[in-house]
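Feature annotations, reproduced from Swiss-Prot:
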- 1-523: topological domain 'Extracellular' (TOPO_DOM)
- Asn18: N-linked glycosylation site (CARBOHYD)
- Asn19: N-linked glycosylation site (CARBOHYD)
- Asn31: N-linked glycosylation site (CARBOHYD)
- Cys50-Cys282: disulfide bond (DISULFID)
- Cys63-Cys75: disulfide bond (DISULFID)
- Cys98-Cys143: disulfide bond (DISULFID)
- Asn162: N-linked glycosylation site (CARBOHYD)
- Cys286-Cys310: disulfide bond (DISULFID)
- Asn294: N-linked glycosylation site (CARBOHYD)
- Cys482-Cys486: disulfide bond (DISULFID)
- Asn492: N-linked glycosylation site (CARBOHYD)
- 524-544: transmembrane segment (TRANSMEM)
- 545-559: topological domain 'Cytoplasmic' (TOPO_DOM)
- Cys549: S-palmitoyl cysteine (LIPID)
- Cys556: S-palmitoyl cysteine (LIPID)
- Cys559: S-palmitoyl cysteine (LIPID)
Amino acid sequence: AIVSLVKSDQICIGYHANNSTEQVDTIMEKNVTVTHAQDILEKTHNGKLCDLDGVKPLILRDCSVAGWLLGNPMCDEFINVPEWSYIVEKASPANDLCYPGDFNDYEELKHLLSGINHFDKIHIIPKSSWSNHEASSWVSSACPYQGKSSFFRNVVWLIKKNSSYPTIKRSYDNTNQEDLLVLWGIHHPNDAAEQTRFYQNPTTYIGVGTSTLNQRLVPKIATTSKVDGQSGRMEFFWTILKPNDAINFESNGNFIAPEYAYKIVKKGDSAIMKSELEYGNCNTKCQTPMGAINSSMPFHNIHPLTIGECPKYVKSNRLVLATGLRNSPQRERRRKKRGLFGAIAGFIEGGWQGMVDGWYGYHHSNEQGSGYAADKESTQKAIDGVTNKVNSIIDKMNTQFEAVGREFNNLERRIENLNKKMEDGFLDVWTYNAELLVLMENERTLDFHDSNVKNLYDKVRLQLRDNAKELGNGCFEFYHKCDNECMESVRNGTYDYPQYSEEARLKREEISGVKLESIGTYQILSIYSTVASSLALAIMVAGLSLWMCSNGSLQCRIC
């Protein structure tokens with residue numbers, strides 16, 4: 001029988017592929033190439049200090065917070081400052097306490113400033129009101145200004161006048177509606193001679209009282225090493241005076257009195273950031289000591305300290321979410337050898353770069369030609385699902401998260417070390433959670449795409465039933481003619497199985513008959529070949545025996 005081989009119509013289920021080299025990690029695999037991916041780790045910054053939501057930072061340049069608040073004469077540019085979004089202080093500012101000494105509860109004051117956005121400096125005790133004490137001429141070479149000795153602008157160093165230091169009793173009532181930051185100090189002389197030279201009285205004290213504060217200070221007269229030419233020391237203190245409260249001062253010497261105080265006119269999220277950067281005339285929603293971040297990503301690895309609406313800091317170097325499919329384009333040689341097919345679900349070997357308008361779809365071939373068609377419905381559902389998942393992750397993580405530095409004094413080093421260990425532990429947990437989240441979501445996304453391809457395959461299989469043959473590679477070979485209209489009905493789910501079932505049945509029987517005829521022919525040929533081979537072997541054996549008998553090599557006896 002002569003059998004003519006005619007190529008049958010086919011439809012294949014496949015998925016999109018492209019030239020992407022994006023790679024992601026999953027729970028089970030590393031470096032999986034995918035068609036589309038989204039980086040969720042911000043790694044870049046602009047290297048500048050920027051406005052935060054349109055409000056400028058207070059950049060103290062070479063001044064410290066203490067130098068600014070007390071009025072170091074080298075910090076005159078900050079005598080009156082507008083509203084700020086955050087405060088920038090260098091790690092070791094040159095203009096700190098110009099007169100050597102200490103600022104009591106300095107770290108606590110800085111913490112207080114992290115909730116303030118604006119001060120109004122107001123006069124509370126004018127320098128001219130100290131008529132019984134020397135208040136105007138006492139300066140120090142430790143606080144130079146334009147080559148001359150000077151002193152802090154916002155406090156007054158009171159010295160004896162006419163060999164007398166009368167006891168001071170002075171009050172200030174806070175009649176404002178806002179809290180008031182008040183600063184004062186005490187001078188610790190080098191020796192007893194300096195004590196009487198400045199204050200006349202050998203034994204002195206300073207008393208300070210409010211509704212919440214009861215303080216009594218006495219000078220510590222001791223010889224110390226010279227710093228900036230000074231053997232004496234100054235110690236400064238502060239308090240918050242509530243509205244309708246009063247602060248009372250009493251002293252008979254060594255008193256550094258407040259002249260100005262700071263009215264806290266606006267509270268809000270702020271921070272004191274340690275940075276050496278310059279102002280960049282820019283705007284941002286997130287600032288770090290390294291520079292500003294303008295990103296909608298949920299994580300960053302730039303610096304653990306931030307201010308504003310910032311991504312969460314993690315120690316990771318790479319966090320990439322898969323949004324597309326596994327990317328394994330078919331090789332051209334395979335396409336020529338085995339036809340166009342693809343998918344993911346275990347039996348489909350590669351993606352289609354020719355299908356560009358969807359993630360999943362079909363390739364058909366019939367007498368009218370061949371072509372790709374994306375399955376728009378399943379693709380759109382998949383896009384919506386993946387997009388919603390990515391947006392949900394970003395929304396949950398990309399909330400305002402400020403991580404400002406905390407400062408501790410020398411007596412709190414153990415607390416500081418413990419705090420650092422706790423913060424490092426939190427960062428490790430955040431990093432682990434972020435990396436695990438990405439691995440799990442990538443695994444789910446790729447499984448999601450696998451499932452969608454499998455569902456599309458099953459949709460076609462259930463329609464065609466025995467009207468087509470599964471080829472095992474994502475393709476179906478029709479037992480009937482399937483023109484373009486027929487192909488479209490398969491794709492849109494309206495395939496009419498009964499319409500083609502009779503033609504398909506005849507085709508199946510025809511194929512089965514050809515197989516049976518072929519099997520019978522092969523059996524006859526096999527028997528003929530066996531018999532012929534046996535006869536040929538018998539003739540050869542008989543001929544050999546006669547030849548051996550004729551030359552005496554074999555004796556033949558006939559009985």
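Start at 1 and count along the chain as shown; that gives each residue its number.
Every residue gets a Cβ built from N, Cα and C, even glycine.
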State the Cα to Cα distance, in Å, between Cys75 (disulfide bond) and Cys98 (disulfide bond), rounded to an integer. 11
Looking only at the topological domain 'Extracellular' (1-523), what is the mean pLDDT? 88
In three-state DSSP terms, Cys63 (disulfide bond) is classed as strand
Could you give the Cα-Cα distance between Asn31 (N-linked glycosylation site) and Asn19 (N-linked glycosylation site), in whole Å? 16
Of these disulfide-bonded residues, Cys143, Cys282, Cys286, Cys486, which scores lowest on Cβ atoms within 10 Å? Cys282
Simplified to three states, DSSP reports Cys50 (disulfide bond) as strand
Among all protein chains shown, how many Cβ atoms are found within 10 Å of the Cβ of Asn492 (N-linked glycosylation site), not counting that one? 11
Have a look at the recorded positions Asn19, Cys63, Asn162, Cys286, Cys310 and say which one has the shortest Cα distance to Cys50 (disulfide bond). Cys286
